Amino acid sequence: MGDERPHYYGKHGTPQKYDPTFKGPIYNRGCTDIICCVFLLLAIVGYVAVGIIAWTHGDPRKVIYPTDSRGEFCGQKGTKNENKPYLFYFNIVKCASPLVLLEFQCPTPQICVEKCPDRYLTYLNARSSRDFEYYKQFCVPGFKNNKGVAEVLQDGDCPAVLIPSKPLARRCFPAIHAYKGVLMVGNETTYEDGHGSRKNITDLVEGAKKANGVLEARQLAMRIFEDYTVSWYWIIIGLVIAMAMSLLFIILLRFLAGIMVWVMIIMVILVLGYGIFHCYMEYSRLRGEAGSDVSLVDLGFQTDFRVYLHLRQTWLAFMIILSILEVIIILLLIFLRKRILIAIALIKEASRAVGYVMCSLLYPLVTFFLLCLCIAYWASTAVFLSTSNEAVYKIFDDSPCPFTAKTCNPETFPSSNESRQCPNARCQFAFYGGESGYHRALLGLQIFNAFMFFWLANFVLALGQVTLAGAFASYYWALRKPDDLPAFPLFSAFGRALRYHTGSLAFGALILAIVQIIRVILEYLDQRLKAAENKFAKCLMTCLKCCFWCLEKFIKFLNRNAYIMIAIYGTNFCTSARNAFFLLMRNIIRVAVLDKVTDFLFLLGKLLIVGSVGILAFFFFTHRIRIVQDTAPPLNYYWVPILTVIVGSYLIAHGFFSVYGMCVDTLFLCFLEDLERNDGSAERPYFMSSTLKKLLNKTNKKAAES
């Protein structure tokens, strides 16, 4: 290695020279990347202005309440429709028109009603009976029965027929049900359309599907919501258990790092082994059972995931996946056993550092709070922007009309030329839009909103990384630990980051935000091109998405190490990124093995916590723990709380381990700098711990003499 060093250094910069005044993070530093700091402040001012404009023009009621043909809200308090929460379609069959997909509005009159119709009636029959008072509530407001039947139906004052309906998403849909495989409304398989002819119930089904294309998705969402309402208490208990396990693991790492790492490795192997055994037992148990040999391909997608657990092929797939993971982990442990010892020494050192800076374990809460603020501002601004359009009215006509889909004014339409040429046409509320400059810029404002979210979120993450790196670097470069540590290393690092390096953090976050917004645009274009048959375009899009994904991962890695250099030396972003990159390239073998081995060990720790809590949740929610068998709530889909607990447990474990991860990365870079700066002599002693020196066969001469 020593023979290669001069040539290797020439390609990737020169090693750090010994500096007798260097004692860790530099305190006398200046502001860096001031221009980027100014740009960030201006962008935040612009972002606030966009939010104010959106909140001024936006109206979230458009998302919550349905609107009638006049653009008035149904069920909103303080309006004339306060007691009319449901939207009623005069002729829902019209919703099957392709115009719905273009205008997002059914070409039929719509009014707000107190309740959906519960009986079958035609206007022709109800007009001359006592049912007319009931029927009239489904006519346009202010309707007076002083017209002929044909004129009333032609003007769209009343629906031709009422069909028993049920409310769904505040809209009235036909109460269609199946009896012995036959679709029916009430006791009928056909209905009279009010014009003297009878139509099939399937016409209503098509109209209802187009009027609410997410019917099945909403039903699935409602079942999932029901599961959450009865299981949220147990989900929280599961997450608390995950938090307690993570905290206990971190505390044990502080005192028993080496033992805990080996216990963690063995436990992961045992957990995977038990998973393989359980899958095999289930696979064997299903042998010979009726329907268990159906293939996953033949079964297709099912919303009830319990169906898959009755198939042998499902458990075979699980067993193969777990076996592959088990073999990979065992092989990695065999070939990397020597490097694992050094990685354990780094983790031990990180445990000591975290022990001296215990408040660092609470810093993820600060990052979480700031990220929640970013998400809340972005989401609220997006909602207000999307609802800041004005009511647009368009011409609808069942018969051919040259003015169909043209904009109109409902107040002047009755006396307009369009009304005279198309007597059956109606000027009806179509959607929310607008023709002003602000409305034309809405798409751009939404993109700006998303871009600022990425920029600010990455800035918050960068601030956390620089803060933790500064605190842990103070620990490493303290020759006499903990005597040479500053009083409040975390708060000092946080203050330095905000005071001197806001611009550098903004620069790194900006680069990452640009790549991320490009990835979002590529995803949007990919969705638009899915229907296209151009194979070249699809291939190009896939390549671009892959390249930008790799670029984002590389930039995140480079930024992380650049922030460590910023925390230590106080240099600007570009200089820090270059120095960090060259330092890592000069020690590429150690980076590829040591740093990644520690990441792998932390991943095993997360898997141990997530796997343990996930298995416990699985046995609890599937009523397999006899002691609490009657306590577990009945569920539509038991995978809902299980997946929630698993994902939540991973996020909690990741939050705790991220502090350790940043500590290890910081100590690793400091360790590499230490090897380049110092040689172990009395004048240039190593700052690394005695354990690391022993593993690397390094000694401080002064210590050896004593």
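Note that Cβ sites are derived from N, Cα and C of the backbone, with glycine treated the same way.
The topological domain 'Cytoplasmic' (1-33) scores a mean pLDDT of 63 in the predicted structure. Sequence annotations record features per position, and here Swiss-Prot assigns topological domain 'Cytoplasmic' to 1-33 (among others).
Under the heading phosphothreonine, Swiss-Prot lists THR14, citing a large-scale study or a structure entry as support.
Swiss-Prot lists 34-54 (among others) with the feature transmembrane segment.
Residues or ranges marked as topological domain 'Extracellular' in Swiss-Prot (evidence: sequence analysis): 55-232 (among others).
Per Swiss-Prot, N-linked glycosylation site is recorded for ASN187 (among others).
Annotation source Swiss-Prot lists N-linked glycosylation site at ASN200 (among others).
What Swiss-Prot lists as transmembrane segment is 233-253 (among others). Residues 260, 347, 351, 354, 361, 605, 609-610, 612-613, 616-617, 620-621, 632-633, 641, 644-645, 648-649, 652-653, 655-657, 660 of the same chain lie 6+ residues outside the transmembrane segment (233-253) yet bring a C-beta within less than 8 angstroms of a C-beta in it.
Swiss-Prot lists 257-277 (among others) with the feature transmembrane segment. Same-chain residues lying 6+ beyond the ends of the transmembrane segment (257-277) with a Cβ under 8 Å from its Cβ atoms: 249, 318-319, 322-323, 325-326, 329-330, 333, 340, 344, 347-348, 351, 601, 604-605, 607-608, 611-612, 615.
The annotation topological domain 'Extracellular' is assigned in Swiss-Prot to 278-315 (among others).
Swiss-Prot lists 316-336 (among others) with the feature transmembrane segment.
Swiss-Prot lists 337-364 (among others) with the feature topological domain 'Cytoplasmic'. Sorting the topological domain 'Cytoplasmic' (337-364) by DSSP state (H, G, I as helix; E, B as strand; all else coil) yields 27 helix, 0 strand, 1 coil.
The transmembrane segment annotation in Swiss-Prot covers 365-385 (among others), and the record cites sequence analysis as its basis. Here the transmembrane segment (365-385) has long-range neighbours at 50-51, 54-55, 57-60, 63, 442, 445-446, 449-450, 452-453, 456-457, 460-461, 463-464, 655, meaning same-chain residues at least 6 beyond its ends whose C-beta is under 8 angstroms from one of its own.
Sequence annotations record features per position, and here Swiss-Prot assigns topological domain 'Extracellular' to 386-457 (among others).
Per Swiss-Prot, the feature N-linked glycosylation site maps to ASN417 (among others). Sequence-distant contacts of ASN417 (N-linked glycosylation site), defined by Cβ-Cβ distance under 8 angstroms and a gap of at least six in the same chain, do not exist.
Look at Swiss-Prot and you will find 458-480 (among others) tagged as transmembrane segment.
For 481-504 (among others), the entry in Swiss-Prot reads topological domain 'Cytoplasmic', with the evidence type sequence analysis. If one looks beyond the topological domain 'Cytoplasmic' (481-504) by at least 6 residues along the same chain, the residues whose Cβ comes under 8 Å of a Cβ in the stretch are 23, 25, 27, 29-38, 40, 352, 356-357, 359-360, 363, 463, 466-471, 474-475, 566-567, 570, 572-573, 576.
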Same-chain residues near the topological domain 'Cytoplasmic' (337-364), Cβ under 8 Å, at least 6 residues beyond its ends: 250, 253-255, 257-258, 261, 464, 467-468, 471-472, 475-476, 481-482, 485, 489-490, 593-594, 597-598, 601, 655-656, 658-660, 663-664, 667-668, 671, 688-689, 691-692, 695-696
Close approaches to the topological domain 'Extracellular' (526-563) from elsewhere in its chain (Cβ under 8 angstroms; 6 or more beyond its ends): 462, 465-466, 469, 505, 508, 511-512, 515-516, 518-519, 573, 576-577, 580-581, 584, 665, 669
Tertiary contacts of the transmembrane segment (564-584), as residues 6+ beyond its ends and Cβ separation under 8 Å: 12-13, 16, 24-26, 29-30, 32-33, 36, 465-467, 469-470, 473, 477, 493, 496-497, 500-501, 503-505, 507-508, 558, 591, 665-666, 669-670, 672-673, 676
Listed stretch, out of 316-336, 505-525, 600-620, 639-659, that has the most CB pairs under 8 angstroms to the transmembrane segment (458-480): 505-525
Counts by DSSP class (helix H/G/I, strand E/B, coil) across the topological domain 'Cytoplasmic' (585-599): 14 helix, 0 strand, 1 coil
